[in-house]
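Here the structure is laid out as structure tokens; the discussion comes afterwards.
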Amino acid sequence: MKALLDLFKQVQQEEQFDAIKIGLASPEKIRSWSYGEVKKPETINYRTFKPERDGLFCAKIFGPIKDYECLCGKYKRLKHRGVICEKCGVEVTLAKVRRERMGHIELAAPTAHIWFLKSLPSRLGMVLDMTLRDIERVLYFEAFVVIEPGMTPLKKSQIMSEDDYLAKCDEYGEGEFVAMMGAEGIRELLRGIDIEKQIEQIRAELQATGSEAKIKKFAKRLKVLEAFQRSGIKPEWMILEVLPVLPPELRPLVPLDGGRFATSDLNDLYRRVINRNNRLKRLLELKAPEIIVRNEKRMLQEAVDSLLDNGRRGKAMTGANKRPLKSLAEMIKGKGGRFRQNLLGKRVDYSGRSVIVVGPTLKLHQCGLPKLMALELFKPFIFHKLETMGIATTIKAAKKEVESQTPVVWDILEEVIREHPVMLNRAPTLHRLGIQAFEPVLIEGKAIQLHPLVCAAFNADFDGDQMAVHVPLSLEAQMEARTLMLASNNVLFPANGDPSIVPSQDVVLGLYYTTRDKINGKGEGMTFADISEVIRAYENKEVELASRVNVRITEYELVDKDAEGDARFAPKVTLQATTVGRAILSEILPKGLPFSVLNKPLKKKEISRLINTAFRRCGLRETVIFADKLLQSGFRLATRAGISIAIDDMLVPPAKEKIIAEASAKVKEYDKQYMSGLVTDQERYNNVVDIWGAAGDQVGKAMMEQLQHEDVVDREGKTVKQESFNSIYMMADSGARGSAAQIRQLAGMRGLMAKPDGSIIETPITANFREGLNVLQYFISTHGARKGLADTALKTANSGYLTRRLVDVTQDLVVVEDDCGTSNGVAMKALVEGGEVIEALRDRILGRVTVADVVNPETQETAIEAGTLLDEDLVELIDNIGVDEVKVRTPLSCDTRYGLCAKCYGRDLGRGVLVNSGEAVGVIAAQSIGEPGTQLTMRTFHIGGAASRAAVASSVEAKATGTVRFTATMRYVTNAKGELIVISRSGEALITDDHGRERERHKIPYGATLLVQDGQAIKAGTQLATWDALTRPIVSEYSGTIKFENVEEGVTVAKQMDEVTGLSTLVVIDAKRRTAATKGIRPQVKLLDANGQEVKIPGTDHSVTIGFQVGALITVKDGQQVHVGEVLARIPTESQKTRDITGGLPRVAELFEARSPKDAAVLAEVTGTTSFGKDTKGKQRLVITDLDGNAHEFLIAKEKQVLVHDGQVVNKGEMIVEGPADPHDILRLKGIEELAHYIVDEVQDVYRLQGVKINDKHIEVIVRQMLRRVQIVDVGDTKFIPGEQVERSELLDENDRVIAEGKRPATYENLLLGITKASLSTDSFISAASFQETTRVLTEAAIMGKTDDLRGLKENVIVGRLIPAGTGLAYHRARKAREASERERAQAIAEEEQSLFIEPPVVQATTEGEGDNV
């Protein structure tokens, strides 16, 4: 019996470990793992199906096939456990040891491990300092390598061909030097390396050299050698002498019916290796000719290569069916590999899936579970109950009972599922709310019932969607599901803090209809004593639902909270002017909400705001009950309303004909202008598209105006307008279904259509769906509509990949402490663009913690202290006292080393309170950004292919009244007509109020005409400037006579004849299209004064030269007199595509991957004064002289737009040449805060265009992870190498250590890595390997002998432990503390024994995870 108990104990012994180390295994280590050498390629005997002895499935090496039974059958049963059979040599034990026992193959000749040879950069090449090509020639027996030059002039590791070798042997005599071929040669070279000496040498050379390339090369090699030195791995272990053999159960051979076998490819690969190895052994014994042996060695090397990584070098080995065999490397990498398929994506039992249907009668925390499904899922619980109740005595009996489905079983099922939550999941699970817990309610039928309010969170609809059910088994799991995942505890979106349980569609329509008011409805003006009276009147049809009446309504105001924290309310009765519907609806209002929140038409946005208000004021429980009541009322009222739609509801505006006729006339006018040569074809197209766009908008407006209002007679008999009760209008207005743009297509005109490439077809569809489309119109529509569908299919995959990269880069970011105590933060202002407030300050700082006191600008008193979490009331206060900017904490400046602190993160948006310790904020951020990704269409902003374009701005007007101020960068000249023409490229006009506070700012483009003066007082709506939106001018800043230079027809310019109009213009042509001789010359204009001298720039002796960009149309003639501010040429802008080219998802991905844009802007490296040096061929030379008088030169291509002028003072990081900004430059010159602003604003721009709300902090979390590595500049006394990239936390730890010892810390600069690169360069090799480029990551980690501390979530999922987040964080902390105390105790005991002069017993102090390489 005791033996049996021991057996059970032995099974439970799970291993505790703190880290996982990877390294290279020495030949001795491989032999120590092995249970025997595999000598034969045979697998199993074809007659007996028993494994062959010494073969690949040998039972003697790998263990028995049946539990506790040797192969020949001499020993069976448990009693012989551990006996080794003398006949067949098999140990009697469990058959599952065949999953863990390894074998080995003694290779007759050493072979190189292909990963260390071919995985770039080649590790073998680095260590030996040889090129990959040379090493390959040696390994594959094409050349000799010198091992020992002896007394000869040859050099060590010199390569020579066979002929050379023979010649040298003749020359110096044999035995004077040693040269070898194949892996043996490489192994000898590796053995001969003295790592310590090499490191010293390289360090010395690093000090001596100055060339960047050499430093890089040395640093790389130094890193590898130091890794070898540190990890105690010998370089010669990269050459295999012994090959381990995988346990047979992991490469199974399964008999199929019909006598055939299915086998893992690995068996084939192993067989090839064994065959070639045995043949080589035999050839060596027979002392075969060198050339034959060499060939066999080469083949062995190739067989081993294929086994490890098939297809990495040369052609892949193929099986019988001509497909490449799947090698060990393929087993672990990619989507179907070990990491992603089996470790990160396990299938779970106790789960089921079925179609979902709507469950309108359910409470929010319930779901309907089909009886049969529940019976299957809860089987173990039912069995247990049957046994405890004594109905069944054994499991078998219980099983029978359940299968016969007796009435008692259903009763027990009811009992078992009571308060046992189940988890529902809808794929794709894009964010936290994709899995929620519900209490099951048993239902008949086979479909799962889902509560309508959670559909938004699951993104589910009932058109055939399926959902999966999972049962949490343990008590802890049930508890977590109930407290953290229950649907009624997740009412806010973690992405933005808005309610997720907002009603949609019919419910919204019902509530909207109920709360609308109507002029002169039945019973208008009646007054009621209370709500029950209203209901009586309504039920007796004395009043209509929308009639305006007066009702006495009781509101409950919050007085205070009692000792238990329960709210106390005081009733307050008032007479309210309202409608019948609103009065009736007010019955469901929770206490603490005023009636005013309901006393308006409830559109979707209003309902969302209503639920939000309820949540903030009345708490979670009341809100959930309220939402459920709203839902029930909405469904009931929508049914009672009886709204339907008919074709007659789509009213076509009478003005449509006239608008279209006018537009056509305008288009004809432009065609005429084009014919007579006044405009180019491009300009004509742009104008036509604009005209039709405007016409479409006008028709839409006329249609909406007609739909919106209807004429009714009021009580006095006057005809008045009231909001329409047109069904289609109500659906769109309430937000239940459809939008103005869709109604426009139904009843207005469909408008312009886009081609699949995004360009707009200039003939619009003037018809709408009510009138019907003709064949041509239908054909044009199909274009865009089909592209929309194709796009959707393609972009889903892209969006998923973005989410995956984001999750991978942030997965180890968890809130680990309450406060890191930093005093850094970021100043938040309202986001203003073009004078419009896009995002108010209150929205940006809500849920953040203040860094500094917030001061009232009027009284200068402290309004809010530092370290306060800003909630709704406090941001309201900030709004009211008129604070313009607030400094708040941000994840970017958090000082916590491994993780984040709660104060820097602020409010957990999904819960509405300060974030808890252990929250995996990284993953939440990744999900919040990735989840709407699918909605970010790839620049198809089509509604069924209809084109929508940003109307081109051609003027700017003031929104506020105040005073105009121009910034210092604004420069303008007065032209002959007395107009002010702007000649600066970065000038801005500000408008300030009476207190001098900036209200708005507008960029004024180059070439615009200013309509106001600096310092002028203006009213709101005043135009500040106008410009031509369709062309960019080149303006002369000086007056004089034109003198063309290099304007040669056919060389730099071309005469463009318009075939239609017969007129010609000069167009500057692209330098690439010219011949080599003429490439350097650029067309330009010089100005001559009255004496024929060149006009100079004032204060310099440079002549005024004005260059023309490619594509410019020159509008002046040679010798023409020009005035200041006159246009010399115009550059037509690109034709309008549908919105922005890099819109949507690609733009977001580009920002997070931190890609440098092509033709990036040039930023000033220093603060100083600009001047122009001598131009070189094709480049202009811009010089910035800093404050110390040092000159910094920039060479800029001539076609680039320089934004600064001579003598301008620029600040470090200011843009001096136009172009898209490069995030790396922003980081280097302006710092982390500016970079964060840039990325956050750019990402938000993309999402905002789609109407998606994401809180800034999520993007900041990602940026923090992109900035987590730094580059060492000066190593000080630390262990780093110059130019090395290390984890910020590691560097800070090392610097702390060095400073503590009184030495010099390292200096560093910040690095910005794209998300893919950041994921791959993480400290955890397990996480990186499971992400991408598995081979490269593992190769590097093995050479470095890396240790994975299992800090992140992913690593812990992979090794199968609780993740260090949420409840798992507490578990891991407790475990670590326990271990530390045990270690201390062991130490104390050891010291005590020492003091007693007793010879202490050997205490093994290897903590978990130390010791052997894994």
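From the backbone N, Cα and C atoms, a Cβ is placed for every residue, glycine too.
Copied from Swiss-Prot, the annotated features are:
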{"type": "BINDING", "residues": "C70, C72, C85, C88", "note": "Zn(2+) 1 binding site"}
{"type": "BINDING", "residues": "D461, D463, D465", "note": "Mg(2+) binding site"}
{"type": "BINDING", "residues": "C820, C894, C901, C904", "note": "Zn(2+) 2 binding site"}
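Recorded features from Swiss-Prot, shown on the structure.
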residue: C70; record: Zn(2+) 1 binding site; Cβ contacts under 8 Å, 6 or more apart: A59, P64, K76, V83, C85, K87, C88, V90, E91, V92
residue: C72; record: Zn(2+) 1 binding site; Cβ contacts under 8 Å, 6 or more apart: C85, K87, C88, V90
residue: D461; record: Mg(2+) binding site; Cβ contacts under 8 Å, 6 or more apart: C455
residue: D463; record: Mg(2+) binding site; Cβ contacts under 8 Å, 6 or more apart: none
residue: D465; record: Mg(2+) binding site; Cβ contacts under 8 Å, 6 or more apart: V355, I356, R426
residue: C820; record: Zn(2+) 2 binding site; Cβ contacts under 8 Å, 6 or more apart: C894, D895, T896, C901, K903, C904
Next item on the list: If we count other C-beta atoms within 10 Å, could you say which of the binding-site residues C85, C88, C901, C904 has the fewest?
Entry: C88
Notebook entry, point to check: Taking the centroid of the Cβ atoms of C820, C894, C901, C904 as the Zn(2+) 2 site, which other residues of that chain lie with their Cβ within 8 Å of it, listed in sequence order?
Noted result: E817, D819, T822, R889, P891, S893, D895, T896, L900, A902, K903, Y905
Checklist line | C901 (Zn(2+) 2 binding site) - helix vs strand vs coil (DSSP) | finding: strand
Next item on the list: Enumerate the residues of the same chain, C70, C72, C85, C88 excluded, that satisfy the criterion Cβ within 8 A of the mean position of the Cβ atoms of the recorded Zn(2+) 1 site; list them in sequence order.
Entry: A59, L71, G73, K74, Y75, K87, G89, V90
Check: For Mg(2+), what surrounds D461, D463, D465 with a Cβ no more than 8 Å from their Cβ centroid?
Finding: I356, A460, F462, G464
Next item on the list: Determine the Cβ neighbour count for C894 (Zn(2+) 2 binding site): the number of other Cβ atoms within 10 Å of its Cβ.
Entry: 25
